[in-house]
Ligand code: NAD
């Protein structure tokens, strides 16, 4: 029997998780998926209980589970504590302990929310872009790192950006494979854009060369292009529909995926998946713990609910239940239900709802 570990986390985490778990339980029953749900803590909640952001019992449960569903971690309460045990460290650690090296973020514009984007409709309509980010290497994990005092007494901060060929090949394969799957589903040509800074960073020169070799040896049918990270930032707002799959390292991926998220108008709509080599994954919304609205029933639970759909698709290979959830989300948007983050006061026929009501509406659509 397969197990899903839920980690609600902090801030709006428990509110959005309640709604996502209700949806997961409903599809579990409806489609007889046979999933068992377990709970654990991570981030600030774990610091409060166990003194560390990723307690050993949580890690054990996560290792034993087939998939992990996460809300969000962090908040002002823990901002002042020592850096090495801050909530976000728990997140970085669980990703690396589980070997979740591939982060997938879809930036998709729901037609019902076309007005939510700050870009003109003709630039953004129909956007459906996938960013594949390397998650367990690069500058966020490279050693040496730290802050040291120089001979003249001045302080110097330093980090190291490192990638081995095997790490680049591993993430490259994920991107090439997904480009093929998406192309087949959409009836288009498969293409990926590899983002680097090969003009100034040797580590990304190796990245670029490795992607070229991979394409030539294993994926000649997939079109491969390259773009410098700074240009990619500009192109994402100038003409985002030129991209289908973007693949990049940890730091550039962090920045580009947040930028892509904003193209769609609300970070409250965007799910993500982080996968290991065997398809085990951690699924979470792209947003953080939103302390400014926590506990007020204002959070949009749809990104977490859509993360459940990703989990069913990528880890449990159950397309029908994944598609059912996505359809239910689209249906509630069609009905005009909106949480505050996706509300457009100029549009008629919309109803402002809270987190709970939005979750219940999705459940009702699922029947
Ligand atoms: P954030 O994503 O939490 O919030 C940014 C803005 O978006 C806020 O105005 C918030 O109210 C809004 N927002 C976010 N999610 C929403 C939702 N579901 N519905 C409606 N509105 C939503 O980013 P931040 O303010 O930079 O960070 C807050 C905390 O979250 C920090 O402690 C940060 O470290 C943490 N964080 C955690 C994760 C994670 O757990 N994966 C990711 C990013 C930030």
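Placement of Cβ uses the backbone N, Cα and C atoms for every residue, glycine included.
TrEMBL does not curate its annotations; it predicts them automatically.
Here is what TrEMBL records for this protein:
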| type | residues | note |
| --- | --- | --- |
| BINDING | 75-88, 288-300 | NAD(+) binding site |
| BINDING | 95, 105, 133, 230 | substrate binding site |
| BINDING | 230, 254, 258 | Mg(2+) binding site |
| DOMAIN | 3-362 | domain 'Isopropylmalate dehydrogenase-like' |
| SITE | 140 | site 'Important for catalysis' |
| SITE | 197 | site 'Important for catalysis' |
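Rounded to a whole value, the Cα-Cα separation of residue 294 (NAD(+) binding site) and residue 258 (Mg(2+) binding site) is 21 Å. The two recorded residues residue 298 (NAD(+) binding site) and residue 197 (site 'Important for catalysis') have their Cα atoms spaced 40 Å from each other.
The binding-site residues near ligand 1, defined by a Cβ under 6 Å from one of its atoms, are 75, 290, chosen from 75, 79, 95, 258, 290, 294.
Nearest by CA distance to residue 133 (substrate binding site), out of the recorded positions 79, 83, 140, 197, 254, is 254. Fewest other C-beta atoms within 10 Å: among the binding-site residues 83, 95, 105, that description fits 83. Each of the binding-site residues 290, 294 was scored by the number of other CB atoms within 10 Å of its CB, and the largest score is that of 290.
The recorded positions recorded for this entry are 197, 258, 290, and the Cα of 197 lies nearest to that of residue 230 (substrate binding site). The C-beta environment of residue 87 (NAD(+) binding site), restricted to residues of the same chain at least 6 apart in sequence and closer than 8 Å, consists of 9, 10, 42, 43, 44, 46, 47, 53, 73, 74, 75, 78. For residue 258 (Mg(2+) binding site), the spatially nearest entry among the recorded positions 83, 95, 105, 140, 197 is 105, judged by CA separation. In sequence order, 229, 233, 251, 252, 253, 255, 256, 257, 259 are the same-chain residues whose CB sits within 8 A of the CB centroid of 230, 254, 258, the residues recorded for Mg(2+) being left out. In the three-state DSSP reading, residue 258 (Mg(2+) binding site) counts as helix.
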